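Here the structure comes first, spelled out in structure tokens, and everything after it is commentary.
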Amino acid sequence: MIKPTKHNDSAEVYVVSLKSKSEKPNLDGDRLNIFLLILLYIIQGFPIGVSTALPLILQSKEMVTYEDQAAFSMALWPYSIKLLWAPIIDALYINSIGRRKSWLLPLQILMGVTFIYMANNMDDWLPEVGKPNLKMIVRMIFAVNFLSATQDIAVDGWSLSVLKKKNVSYASMCPSIGVPIGMFIGSVCFTLLVSEQFSVKYLGAITGAGGVITMKSFFNIWAIIILLLTLFIGLFKKEKYTTEDGHQKISVFQNYKLLWEILKLPRIRVLALALLTIKIGFTATETVTNLKLVDAGVPKDDIMIITSVMYVIKFFFPMFICKYITSTTPMSYHLKMTPVRLIWGIVFAVLVYYTPRLVSTVNEMLSLFLMLTLLAFFCKISDPHFGGTYMTLYNTFYFLGWLIPNTFVLKLIDILTLNECSNDAQNTCYTNDLKNQCKANGGSCGIYVDGYYISMFICTTLGFIWYFSFRNILKKYQLVDLYHWMVHGKQLSNEEVNEPCIISSQECSKIFTKCLMSTITGTSFVIIIKPSLN
């Protein structure tokens, strides 16, 4: 039940009462619903995977600059800013169709039609020879990511009502399974199956025969899968006319008002600034390294094969660091590892320069450790009455803290990279006309100042500045009583304040895998508090 209450500053907010008991989960009658949710999350993960695969494909064809890659990086922005329209999707619907189906059906139809349109035009936009139509590719990938991010809002809400109340806890399992599968299909499978080099090298195909499947066929098949699933939901799946978790839903206005009240908290504003700049020190390492490996001659297929192994490692890694991410001071561990991560970025850049074929998992493991400890910190300072809103807000700041410097660094590398013609030192090869002029005179354009390494130095310096600026502040924040992060006037008991995110090691891997996927996709989720019964 949501009850209005008054804070000291007279702002009206809404408090959700906690349940004291729950039924034992039983999947009888819900197995099909869980399978359906997993399929919907697979559809959601596919565009994310394609968004990570296409930059590698473009780089391998040597058709784009780092400035072009910066433009492409903006295609992922919908996942970071969907909080802006999430309350609208949550509150507006056609009752006769269903609260979630009102959005889910048109969104997935549009997604399927968009992929068909991409399939019919991708050969023209991304030719084997010649410059790609990057503007159209970015627009279409942005469109499918917008549809996917909005679909995620609807599916997250539906997952809480399509399952029986006693099985709602399984709702967190579905995205942790479905989204990675979709990402794997959209990135690794997509890259390898359409690659002629992979087909020749690993499958023994004849040179010139192309990949296992064409890009057009791949997108068409995926579009048909989306449309068939949408047809099944529209015809055979009825939506329950019940509100999630038995509670009255906060309206659009109330939800936006809640966000505004949260943002007015002084600590939230400082934390927002820290999160918007938290990734600046690692941006060059995380964003550009794979592109530099492609430039250095490492086949994109080899990179994707290694990426497939990393998917497995990422799922098992949280098991080994549970004692850190479930501690009462997770931010302390995050801050201790931050200088190590910054220094490793320099070491990694040296490895890329001297031994480009050496791909290390250390970079990924350090990055994952920092992210999981940060998520634990988010969980610790989230008001459990509005856990989904708080976590989505924190994740939004965190994602923007990755996307903004990501786009900036790619542009910076392009600006700082200096080229010259091999037989004409006055020719900087800065434009296509100058490059063509160099080739016409029998020369070739080569790099004599690589902007990647300059950007790495700048990012690492800014990373250390961030570390010394926010280290003491964030250490203190994790010790602040939870009451000071709340926007309502209800004082929680010590048990409620201290226990929301302190979990057993057996549950650690499952919960933080969900947290991981929530961060990757911008998905919101609810922290479930189970107070002990007296």
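Placement of Cβ uses the backbone N, Cα and C atoms for every residue, glycine included.
Per TrEMBL, these features apply:
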TRANSMEM  34-58  transmembrane segment
TRANSMEM  70-94  transmembrane segment
TRANSMEM  103-120  transmembrane segment
TRANSMEM  140-158  transmembrane segment
TRANSMEM  170-194  transmembrane segment
TRANSMEM  218-236  transmembrane segment
TRANSMEM  270-291  transmembrane segment
TRANSMEM  303-326  transmembrane segment
TRANSMEM  338-356  transmembrane segment
TRANSMEM  362-381  transmembrane segment
TRANSMEM  393-413  transmembrane segment
TRANSMEM  451-470  transmembrane segment
- Query: When you scan the chain for residues with a C-beta under 8 Å from the transmembrane segment (140-158), skipping those not six or more beyond its ends, what do you find?
  - Reply: 37, 40-41, 43-44, 46-48, 50-51, 54, 72, 74-79, 82, 85-86, 89-90, 99-100, 103-104, 107-108, 110-111, 114-115, 117-118, 175, 239, 244, 521-525
- Who are the long-range neighbours of the transmembrane segment (103-120) in its own chain, taking Cβ under 8 Å and residues 6 or more past its ends? 40, 43, 47, 89, 93, 97, 140, 143-144, 147-148, 150-151, 153-155, 158, 215-220, 222-224, 226-227, 229-230, 233-234
- Message: With contact taken as 3 or more Cβ pairs under 8 angstroms (pairs 6 or more apart in sequence), are the transmembrane segment (170-194) and the transmembrane segment (34-58) in contact?
- Response: yes
- Query: Ranking 70-94, 218-236, 362-381, 393-413, 451-470 by Cβ pairs under 8 Å to the transmembrane segment (270-291), which is first?
  - Reply: 393-413
- Query: Which one of these stretches, 34-58, 70-94, 362-381, 393-413, 451-470, has the most C-beta pairs shorter than 8 Å to the transmembrane segment (218-236)?
  - Reply: 34-58
- Same-chain residue ranges lying at least 6 outside the transmembrane segment (393-413) that approach it to Cβ under 8 Å: 66-67, 69-70, 73-74, 76-77, 79-81, 83, 259, 262-263, 271-272, 275-280, 283-284, 286-288, 374, 378, 382, 451-452, 455, 458-459, 518-519, 522-524
- Excluding the flanking five residues on each side, which residues at least 6 beyond the ends of the transmembrane segment (451-470) place their CB within less than 8 Å of a CB in that stretch? 66, 274, 277-278, 280-285, 288, 292, 335, 338-339, 342, 345-346, 349, 353, 405, 409, 412-418
